[in-house]
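> The structure that follows is given in the form of structure tokens.
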Amino acid sequence: MAKIINVIGREIMDSRGNPTVEAEVHLEGGFNGMAAAPSGASTGSREALELRDGDKARYLGKGVLTAVANINGPIRDALMGKDATAQAELDQLMIDLDGTENKDKLGANAILAVSLAAAKAAAAFKGMPLYAHIAELNGTPGQFSMPVPMMNILNGGEHADNNVDIQEFMVQPVGAKTFREALRVGAEIFHSLKKVLQEKGLSTSVGDEGGFAPNLASNADALAMIKVAVEKAGYKLGEDVTLALDCAASEFYKDGQYDLTGEGKVFSANGFSDFLKSLTEEYPIASIEDGLDESDWEGWAYQTQIMGDKIQLVGDDLFVTNTKILKRGIDNNIANSILIKFNQIGSLTETLAAIRMAKEAGYTVVISHRSGETEDATIADLAVATSAGQIKTGSLCRSDRVAKYNQLLRIEEQLGEKAPYRGRSEIKGQA
């Protein structure tokens with residue numbers, strides 16, 4: 001038995017200079033695991049609660065000492081002597097101990113950090129890589145694939161200080177034969193884009209996720225810049241590389257309308273979906289995330305109806321990695337893909353349940369980072385372990401993003417042909 005003998009919580013810093021929670025789980029025999037909880041900027045209103053102290057005299061109220069105390073107190077007491085390999089039981093213990101719908105007593109950040117640290121400790125106990133252990137927990141032992149990266153090379157919205165409304169403009173190297181090659185393609189395009197921006201006298205400062213954040217006149221201008229960068233890097237847009245957007249539309253949804261201040265335009269729900277569709281007709285956009293507000297289910301139905309057969313429509317704020325909400329979406333034919341973020345739901349077990357539900361319904365899965373990240377690279381292992389098919393973990397800049405890509409390189413090296421890179425076929429509507 002992988003007996004837990006200690007659980008430790010601490011306050012560390014994330015990539016935006018805000019505190020977050022780190023946990024360690026120690027087992028008999030000297031095995032241990034350590035993990036950190038990420039934090040989002042544009043968050044869905046139904047996400048599990050990230051517990052912050054609210055003491056304005058300390059870290060502007062963003063301290064996490066209460067969550068840390070919950071780890072070092074009640075969570076530690078509940079898990080002492082338990083088997084770290086029994087992940088579902090550990091997670092349920094913490095969920096029951098919290099006793100609330102959205103983990104607002106102990107904090108999803110506290111529960112998640114311990115949940116992931118326990119998984120890492122259990123993997124160490126079993127003498128296997130984390131991805132292999134998670135695959136066993138997922139009921140898919142030995143089944144792996146390398147994810148297609150969604151590389152956020154140009155930022156707007158809440159992730160940048162500019163006048164671009166759409167939050168993320170991404171490239172997906174779908175024509176690559178391996179993950180290593182896909183990463184190289186993305187890196188070359190990133191550097192090409194930097195040169196294109198410099199030549200136009202535009203800023204090459206970067207946003208939270210490492211993408212450039214220039215002031216552009218419109219969202220279409222951002223796509224045009226990326227098109228030039230892809231071609232200058234020597235690749236064919238639509239063939240070697242497809243584009244993806246994260247609109248984060250909840251951020252500019254006001255009074256039932258979509259107010260694109262950067263564009264100087266206001267759209268109805270259907271009007272904004274039509275606007276996005278027009279962009280997909282002009283550029284090879286294969287995936288659109290949060291193309292409407294999380295509460296605009298009627299609008300989502302229309303968007304799915306007009307684009308769902310050809311374009312991957314990803315629910316992030318819409319589904320918040322929550323099986324109850326995802327089931328409603330599946331039953332009502334809303335979207336066709338889900339973004340998976342550990343900290344939206346707050347435990348590894350619940351995350352795996354959401355991935356399984358999505359796959360069983362024929363929805364694609366995109367494993368995602370948050371804008372506030374750490375050096376923790378667990379999402380890389382999760383993507384491979386569940387054969388998710390896609391990963392979204394920022395640009396080719398900032399070590400908090402690159403850490404995940406580097407872990408994927410290591411995993412691909414270890415697994416070789418056992419973890420194929422399937423490219424375009426992983427994206428809904430592109431097979």
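Cβ atoms here come from the backbone N, Cα and C positions, even for glycine.
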> Which residue of Lys194, Lys195, Lys310, Lys392 does Swiss-Prot report at the same (2R)-2-phosphoglycerate site as Gln167, Lys341, Arg370, Ser371?
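For the (2R)-2-phosphoglycerate site that includes Gln167, Lys341, Arg370, Ser371, Swiss-Prot also lists Lys392.
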> Using only what Swiss-Prot says about Mg(2+) binding by Asp246, Asp316, identify which of Glu289, Glu294, Glu298 is listed for that site too.
Glu289
> Going by Cα-Cα distance, which of the recorded positions (Glu209, Asp246, Asp316) sits nearest to Arg370 ((2R)-2-phosphoglycerate binding site)?
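That would be Glu209, nearest by Cα distance.
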> Taking the binding-site residues one at a time (Gln167, Ser371), which has its Cβ surrounded by the most other Cβ atoms within 10 Å?
Gln167
> Restricting to the record's (2R)-2-phosphoglycerate-binding residues (Gln167, Lys341, Arg370, Ser371, Lys392), give me the longest CA-CA distance in Å as a whole number.
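Looking at Gln167, Lys341, Arg370, Ser371, Lys392 as a set, their Cα atoms extend up to 17 Å apart.
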> Give the distance between the Cα atoms of Ser371 ((2R)-2-phosphoglycerate binding site) and Asp316 (Mg(2+) binding site), rounded to the nearest whole Å.
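That separation, Cα to Cα, works out to 13 Å.
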> Quick check for the class: what is the C-alpha distance, in angstrom and rounded, between Lys341 ((2R)-2-phosphoglycerate binding site) and Asp316 (Mg(2+) binding site)?
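With the alpha carbons as reference points, the distance is 8 Å.
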> Nearest of the recorded positions to Asp246 (Mg(2+) binding site) by CA-CA distance, picking from Gln167, Glu209, Lys392?
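With Cα distances computed to Asp246 (Mg(2+) binding site), the winner among Gln167, Glu209, Lys392 is Gln167.
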